[in-house]
Amino acid sequence: MLPVAVLDIQAGHRCLDLCAAPGSKTAQMLASLAHANYKKWGRGLEKIEVKGSEQFLRGIDYSGDEGCVVANEISAERAGMLVHQIARHQSLYPLVVFTSHDARYFPSLRREDGREVLFDRILCDVMCSSVSWLHRTDGTLRKSPHLWREWSSRLSLELHAEQLAVALRSVRLLRGGGRMVYSTCSLSPVENEAVVAEILRAAPCLALLDVREELTLRTSPGLETWKVAHQGQLYESHAAAVAAGFFIAVFEKVAAYVAKGAEVADAETIRGCSFCMEHFARVGIGMKQGYDSDRDEDGEEEERQKQLQKLEQAAERSCSAQERAKAEARRERARTSGSLARELARYKCLASMPEQVCALRAFYGLHESFPVQLFFSRHHLQLMADGELVQTHQGEANQLLLLAAAAAEVLCCGTGEHAKRKLKVIAGGLRAFEKDRFEVAERSTSLRRGLDFWEKLKQHQQLTGAWKDVADTHRLLSQRDAATAALVSAGKSQLEELGAGSWLAVSALRTRKAVSLFVNDLMMPSMRQASGEEKGGKRRGCLRLESRPPKETSLPSACGLPAALQAEEAEKRFVSARFQGFEVDKRPMKDFEPLQAAPDVGFWQELSQRKLDLWRLDSSNVPVTAFYEASQASRVPAKCFLQKDAFQDTRVPVGAVKVVGELKNFNTEEEFRAFLGNADARQSCLAEAVAQISSAIASGKALQEPWQLRRLLLCSFADLKKYHYSYLLTLPALKTPKPWQRVREPIEDLGPEVLALVAKGLREKDFDGLCLLTRAADVGWSLRPMADLLNVKVESEDDLILVFVDPSSEEAPAWSLQNALVLLAKHRPGRRRVLAFRDPQLAGASGYTSSGPQLRSLLFRYALDAEMESSGDCRAGWSKIATVDLTRFLDSKMVAANAVDLNIKLMKWRVLPGLEPDRLKELRVLLLGAGTLGCGVARALMGWGCRHMTFVDAGKVSFSNPVRQSLFTHKDAADGRKKATAAKEAVLAILPDAKVEDVVMDIPMPGHPHQSAELLRANVVKLQELIERHDVICMLTDSRESRWLPSLLVAAAQDRGKDAPLGLTVALGFDSFLVSRQSYQNSPAACYFCNDVTAPSDSLAFRTLDQQCTVTRPGISGLASNCAVELLAALTQHQDGFAAASSNTASISESPLGGVPHQVRGYAAEYALAPTETEPFGRCICCSPQVLQRYAAEGMGFLEQVIADSSILEDVSGLAEMKAAMSGMEGDVEAFDEFEDL
């Protein structure tokens, strides 16, 4: 720890630790900075302690100039240990920024105006030959004696240049008057004094300081001369060889840095270094030319590429597949998230998010002085295969991190848009706010305070007083539900003495609408009781906040605290509240708690599917089934659950209460907003539900079927492109002439045994959420269905209780009780007792003891008379508008797949109601050729949602391919990748849920006897297997003869019935193209070779370059590919499928996508498409009966003959005989061009 001791860190210094792991020196630097701040300003660390430093922290204000420490470590693995080491100092964590750079190329930091940010103190505790860091451990030779056997002077020579580069880079980052410490734990002067001499030559701006007097240990001066051994021992004596310790050189920057040559440092200068033997310490730096990030911004990138190349070579040299897989995994880990990653995360300042700032200030009651410029959101980056950095999370940040002012400036300068080289930050900032996992409608921001940030947030709010008895304060806040009786006698008397406006301080958080206790929400009832609330509502307590600046707050004299205690309380800056009593509470008491909709993810997925496939533009109401359950936790809103099966009339979970209703899903956001803003429209949509409820009550049907009392209406708008859903819910309640009058009675009148009986009865029998609890002299309490209401007889009206399964956790019962009260008033009026049951956990209890859980059920008495009969109107009780973003819960692949299907399914809404997109989606397509046509056809197939594709190609991506072949990039060409493999990966990158295969194979061709017999047979068998398991065979190769064998195999496979494949050929000319489909079963059509009168031969031999390449107009391939896919899509929608007869203009009843011709010829020069109907040629060299019979009889033998000599096809097909017969008719045959006007 000696290097930090001589750094002389002062208050407000910006410090840099260039080689920080494992973190002990960084932690010492951080503690020294905080201690210096305390000595100067009284804010920081009062006493430096290795353990328990938190207890010595005093009033840190991160918005002041308290300095920072930047901890850099090149190794990502060791950086994790570094972060863990510093994270133990929680309150000092905002002062640190962790980076991962090669220290030789640490980037310069500049403000937006161009001014450079320099550091006051820099520590260069560089890697050295005596550190077992080279062996992946930590320690020196003294700690690890076994490393002596591995030590060599060669290590010093290898590390010398790197040590010089690190040291000189730190010189450029050091401000004038700043101090830099260079240290090693090496024995070699090559790494110590030689570095000092070199840096003094290269950087005359530095002055070497003699700090030996500042060290309490014995030291020795630096060496004046030394020997450097190329081989053999470095030291002359045994005494020098066994020495162990630290070399330390302390420099001060006295002028601006200018790299230039200078005289050799004299001996007197070098003696200013220090070396500590055993418990000694030495004191040095250097390189003739340092790295300048302003001029050479690719220095680190060059090193990165070198390291990646080494990892690539390691992967290639691996002997086994397992070793290769491990090497490739190490390479990818280093490239994307390890030491070689270019950038790991991007930071965004809270000050640039005004909406978030307003929400936080409004919700937490923050002063204008709240330092929003110190809070940052962090977005992780992922390095894609093409080298592009992509932000993986695009939505609102999950956390806001707090950094001290100096650390925030470092972050802004290093990661801002103006930075030439981005600072690679791996960690930094105290977790201040984090996104809440639960949606609570009353809160105005989704960000909750982080646990680590609690103490820091207090200082930006108000101190209003202190509790009179500190012991009672701790007792009250430490117990789960402390009643007044739990307080000491002195505390009780204080409560009695407190009058209106008296002070009562509690540890709490001031929010916009309420006060949130520091410890537990269950404390709130006791706090209300302690504030003077009395039974009957005559006197209630009201929470008020006092707005006073923390430093000016003084405690009221009524508290009676000693002055010292008052000062201590003021220093703690507790957020406090006072209770101000009122004689009469004029605010209306909440009579019923509205229910909130709680749809799960499956519900929205099902809604999306039904909207796309079934409802489309129909916005009529749809029946849904929901349910709610008895409340099982305090302070949880009453929820009505909708699950995936809500659109089916299914049974609800055991003990749950069924709610039937309707869903109204609006087609546009404007319609939804108009509905929300129109109170009459909202009321009128409930008319039918209100009529049904009134009818069920009047007829008594609700007694037999209590679910008739619960009618739900859920209104929603679904943005299916963004997966955003907005909704609100209501359970209409019949309106009564006057408000319900209730009196709360103690639940102890029933006792836990009766509640356990109710819990078991509701679980074992289907009472549908409402039942009667009656008491008889002979059997005691028992449960009965609502149907017995008219006939049940009891000795006293108190022996009849309406049991209501209550989802509310507040003091008021849930909204759905109102209709049950109207039913009770209609058929059995009087002063009735109602049990709001909230203890379902008692159903499994064998007994109840006083140490068991607290009873939460409520017992009320309602005044029910004939006047309470409904007038036919309703109380809507709409919930607050809620929104949900489903992308947070869905897999990205699923989102991409649904987005592709969305565009296709939308065609069915208006344009093509009869479209069946699943027919094309499930097709298995074999693409023979992954070139220009293969890429184009694959792109068009993905547009139709086709998921199953197989690429067959043996070629590699050339540099001319990417401009016309849309699935390839320049990197594919540079890497020499196979076309089939590159096309497969490109499709998966576009459509992640696609099922794509790649087959690298040469297709055997007639007249190309270049393959061995074994390879030829293997390729033919492989091609046969591929054709057998695909539905469509697309022949997209660029030579005529390469299409022959696939066409033959497709024609021969037509006897497979419905499983027969469809053959589709696409060919290109310079400004024309051909799309042709083959015969399919009993639907004859000409194949690609039916118009030929010669056998296919080697079309590539003896051809010039322009004849070998596919020379076409660039747009022709796209036209041909899309035309082929559109023809295929039309065939899938045709009523006869692939066997459809040729038709240029099919009716909608036959195919919603139009005609299905045999062939389509396109002419770019004329901008014309010519669909034609063709018939098979009886002497075709591919699909004629003679050729197919010969192939069926001889199989592979026939194919081998054709591959060796294609001319036999003319003999087999009869084409040679026809040509011979025509030879004598030469004068009678007129030759013509098929393109001439006839």
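A Cβ is built for glycine as well, from the same backbone N, Cα and C atoms used for every other residue.
Automatic, uncurated: that is what TrEMBL annotation is.
According to TrEMBL, the feature active site, nucleophile maps to C185.
Under the heading S-adenosyl-L-methionine binding site, TrEMBL lists C19, A20, A21, P22, G23, S24, K25, E73, D102, D125. The local packing around D102 (S-adenosyl-L-methionine binding site), expressed as other Cβ atoms within 10 Å of its Cβ over all shown chains, amounts to 22.
For 297-332, the entry in TrEMBL reads coiled coil.
Taking the domain 'SAM-dependent MTase RsmB/NOP-type' (1-254) as a whole, pLDDT averages 77 in the prediction. Marked as domain 'SAM-dependent MTase RsmB/NOP-type' by TrEMBL: 1-254.
Annotation comment: TrEMBL describes 529-558 as region 'Disordered'.
The two recorded residues, K25 (S-adenosyl-L-methionine binding site) and C185 (active site, nucleophile), have Cα atoms 14 Å apart. Cβ-based neighbour count (10 Å, all protein chains) for C185 (active site, nucleophile) stands at 22.
Here the Cα atom of G23 (S-adenosyl-L-methionine binding site) is found 16 Å from that of C185 (active site, nucleophile).
Of all residue pairs in the S-adenosyl-L-methionine-binding list (C19, A20, A21, P22, G23, S24, K25, E73, D102, D125), the one with the greatest Cα separation is 20 Å apart.
For the pair formed by C19 (S-adenosyl-L-methionine binding site) and C185 (active site, nucleophile), distance between Cα atoms is given as 13 Å, rounded to the nearest Å. Within 10 Å of the C-beta of A21 (S-adenosyl-L-methionine binding site) we count 24 further C-beta atoms, all protein chains included.
The distance from the Cα of A21 (S-adenosyl-L-methionine binding site) to the Cα of C185 (active site, nucleophile) comes to 15 Å.
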